[in-house]
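Engineer: Take this structure, written in structure tokens, and hold onto it; I'll ask about it next.
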Amino acid sequence: MLMSTSPSPWLAAAMLCIGLANAHTVIVYPGYRGNNLHTTGTVEGADGLGIAWSSDNETLIYPYGMQWSYPCGGMPTSENRTKWPVQGGAVSFQPGWFQGHSRAQIYINIGLGTVPPNMSHPMITPFEIVGPDNDPYPGTICLPQVRLPAGIEVQVGDNATIQVIELAQHGAALYNCADITFAEPEDVAEVNSTNCFNSSHISFETIFTTSSLENAGLEAVTVPSFLTAVVPTFLGIAYGLLMA
């Protein structure tokens, strides 16, 4: 199976940038579980592990950074939940808080319940972002209308966790989570251009597959119709730009 990308320049945003410091990925909206922008201990001290006990066996160390820890970047479930529309709503995040993210793939999943057993329900078709360079860069991405996965039904007052994954070009996955409580739209704080906008220097590309080449022959490579899967996500981005 061959992986390809198709540029979508019309999706590039034209909004303001904001200044950031060096770190990893941060969820802007809904409110994320907490600050997991920490790197503690050393690779040698952890014997090459991504997570290990400190030498005194009293604390965990994260020599590569907390955000490399599945499912929520080393952060436990939060009691400070954000009300989120019961029919779906906005998800906004900042992807460039670390070196090596000039290109990255974005996944957004949801886990159901106060303490979800897993995050196995994809909310969007994955897409690729293209940043200005491999140095840390400012900027925000917002999907103004992320809907619940097909077949998932929730009620007002139910709890869930939204998981944002940034798959970096060196293969590492960075995890971040936001704990939510479903509410009626009129009971949810307004989402506006202060917390939901798309920065002009971050562009978007689709991710799709082509059929494999059999027996090294030069057979025609067919591209399946992926647009029906990815267009809703990107139309949501474009809609957010128009409404900002």
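Cβ coordinates are placed from backbone N, Cα and C, and glycine is handled just like the others.
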Engineer: Name the cysteine that pairs with Cys177 in a disulphide bond per Swiss-Prot, restricting the answer to Cys72, Cys142.
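Structural biologist: So the cysteine that Swiss-Prot bonds to Cys177 would be Cys72.
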Engineer: Considering the candidates Cys17, Cys142, which is the cysteine that Swiss-Prot reports in a disulfide bond with Cys196?
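Structural biologist: Between Cys196 and the options Cys17, Cys142, Swiss-Prot records the bond with Cys142.
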Engineer: Between Asn192 (N-linked glycosylation site) and Cys142 (disulfide bond), how many Å separate their Cα atoms?
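Structural biologist: Cα-Cα, rounded: 10 Å.
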